[in-house]
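> Checked Swiss-Prot, it gives:
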type	residues	note
BINDING	G42, A43, S44, G45, S46, G47, K48, S49	ATP binding site
COMPBIAS	255-274	compositional bias 'Basic and acidic residues'
COMPBIAS	275-284	compositional bias 'Low complexity'
DOMAIN	6-244	domain 'ABC transporter'
REGION	254-287	region 'Disordered'
TRANSMEM	324-344	transmembrane segment
TRANSMEM	576-596	transmembrane segment
TRANSMEM	626-646	transmembrane segment
TRANSMEM	659-679	transmembrane segment
Amino acid sequence: MKQPLIELKNIERYHTNGDTLTTVLKSINLKIYSGEMVAIVGASGSGKSTLMNIIGALDVPNSGEYFIYGRNIADLSGDELAELRCRHFGFVFQRYHLLSHLTAVKNVEVPAIYAMADKILRNQRANALLCQLGLEKQLENKPAQLSGGQQQRVSIARALMNGGDIILADEPTGALDSQSSQDVLKILKDLNRKGHTVILITHDLAIAEHADRVICIQDGKIVSDTANALESMIKPQNKRTFIDDAVIEVCQQHNTEKLNRPNEKNNIDNDNKENNNGYNRNDNSFLNNPKKKLNSSILRSFNSYAESFFMAFNMMMAHKIRTFLTMLGIIIGIIAVVFVIALGEGTKKKVLDEFSSLGNNTIDIFPGKWGDESDNVHTLNMEDLELLYQQPYVQRATPVLLHIAKARYLNKTMRSLINGVSHDFFMLKNYQLVTGRLFDQNDLTLSQPVGVIDKKSAKLLFDMDDPINKIIFIDDIPLSIIGVVESSSLQQNSGKEILIWIPHSTMATRILNQSYIQQISVQLQPNVSPLKSDKAIIDLLTIKHGQKDFYTFSSSRFLQSLNKTTQALTLMISSIAFISLIVGGIGIMNIMLVSVIERTKEIGIRIAVGAKERDIRFQFLIESTMVSLIGGCIGVGCALLFGGLFSLAETSIKIQFTLSSFLIAFLCSSMIGIVFGYFPARNAAKLRPVDALSRE
């Protein structure tokens, strides 16, 4: 006995609203065989559309059994149901349900996208279907540019895209004029004569008379099931596919993916052999074309992802202003994060460079304790300096004696800071000689009245004159300027005070007449630990003095502390800037949630033509991620632009962009797109197709 293509046993469907139970379908028993054209007729509210939704796997019954190709639909997973809709069902809706932002060809291609068909072949097939339906001049028209009859033909072509073994037509002529209605009915009858099973849902008995069987449904029950003898008599016996030979040439070697499990009998193939004289009406061989190398799961998945990106981009372009306003929060947040990090890096680099110019790997030793008045504490002397010179971890050392005095040149008198140092001081502090010479050991030994001045001080004291060999007076003591050095901004005194360096022996004997020194600066060997050396110096001088009557200042330790401080400051400011990214992310989630509501019908259409939950979820996730990433790219570009403008301004701080700031920006924008886009995407994927299609 021939197995029915579709069999419903005791199907019931009801809805609950609080304590109220509304029964829509009652004990439906129905068999539909392959190749039949069946009309289900009923008034509005009779349950005919609910029955169609159950047959088309858009809805599930509350009780009863539904078999298709011999398999109970209750045993199928969500993905298997999607595969069933994708490869075996074709829907023709009363309101066409075309995607408004796609052309006629692209609308027809949608089912094949979810079947992961080759792009070129599916485009060829979509064009051929539309041409066969008389729409060769409207291939690139969007739905708004088509008449009602033309839109319904596009809907029929979409139903046939993956083969359309079973065509479900819900009031296909309800929104058409009489001529267009006759054309659509002729197409459906022609499809049935050539092998497709057609199930026609209508309220009009005149429309139903075109079918082989007329099933009347009233108040959720089948009240009659009669054959149309005339239609059965005129149906030809030799069936061929709807697509002509030109399309068949493109779509050869059918290899339809089987619905049944491998260990079950393939009723689809058997049924095809019985009814098509060796030719399969499910002409979807383009889904598995052996000439193409895209059959591997990896490449086909890649194609699917590429299509998701393309569809997401199309949706963004369809709502340009809304998309831009959505990504504006991300743009501002990325600008803030990148610019703040770059500003922090630039500030840190400037400060570290300035402090590095004071001397690398140095330790300064001061008398007394931190906070003491150094003028009243005299615990350091030249013996301490000589002792430090003997230590293996010390590369060079210099005493420092300080004195504030009036410097006079001709009729110009200025406040000056006099530093008594050794010849090692200039190398230790990274001073660069501009002109003249530095004093040497001979000058130290003979306590020569010579001095070195910095470039800024030379300009203040001598104006444009060459300072070399000029005589100045320090407290009426003559001093010959022998050299000019370049110092960093941290080494320069502010205001009108000038800096002069003289031999420490000259300072001690000619100016101060003292034996003690106010500071010792030590530069360590390159490969020693500053921390251990600092401890060794403290232990050494503590033993010599009998007590710790001094304190040290390590440049390396200070730079480490400064680096940590600037990093913490940058992190704090970046955290504040990151808040704007969070706000932008919330904006994306809000817009995507609204988008899900606005596009509910589109989601229903995509599910009806074969989209799986993961396809819908991935598409919306891609949209939110693309909005975030594009916003991130624009934000980075704006940050670079602002950084360039900032650098052109006369500021002492330079912007320092780093690769890490760009990576952080793109990581943040990607994560925001994924995190804040996930919940709207999940909501979209969880929509029931029958609910989605019913919303306006």
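Quick reminder: no glycine exception, Cβ is built from N, Cα and C everywhere.
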> Find, for the listed binding-site residues G45, G47, the residue with the lowest Cβ contact count at a 10 Å cut-off, counting only other Cβ atoms.
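Comparing Cβ neighbour counts within 10 Å for the binding-site residues G45, G47 gives G45.
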> Do you know which of the binding-site residues S44, K48 has the most other C-beta atoms within 10 angstroms of its C-beta?
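That would be K48, with the most Cβ atoms nearby.
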> On the 0 to 100 pLDDT scale, where does the domain 'ABC transporter' (6-244) sit on average?
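A mean pLDDT of 86 is what the model gives the domain 'ABC transporter' (6-244).
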> For the recorded ATP site formed by G42, A43, S44, G45, S46, G47, K48, S49, name the remaining residues of the chain with Cβ within 8 Å of the site's Cβ center, in chain order.
H203, I217
> Per DSSP, to which secondary structure element type does G45 (ATP binding site) belong, with helix, strand and coil as the options?
coil
> Enter the number of other CB atoms within 10 angstroms of the CB of S46 (ATP binding site).
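Taking every protein chain into account, the count is 21.
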> Around the Cβ of S49 (ATP binding site), how many other Cβ atoms lie within 10 Å? Please give the count over every shown protein chain.
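Taking all protein chains shown, S49 (ATP binding site) has 22 Cβ neighbours within 10 Å.
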> Sequence gap of 6 or more, Cβ distance under 8 Å: name the residues on the same chain that satisfy this around A43 (ATP binding site), in order along the sequence.
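Listed in sequence order: H203, Q218.
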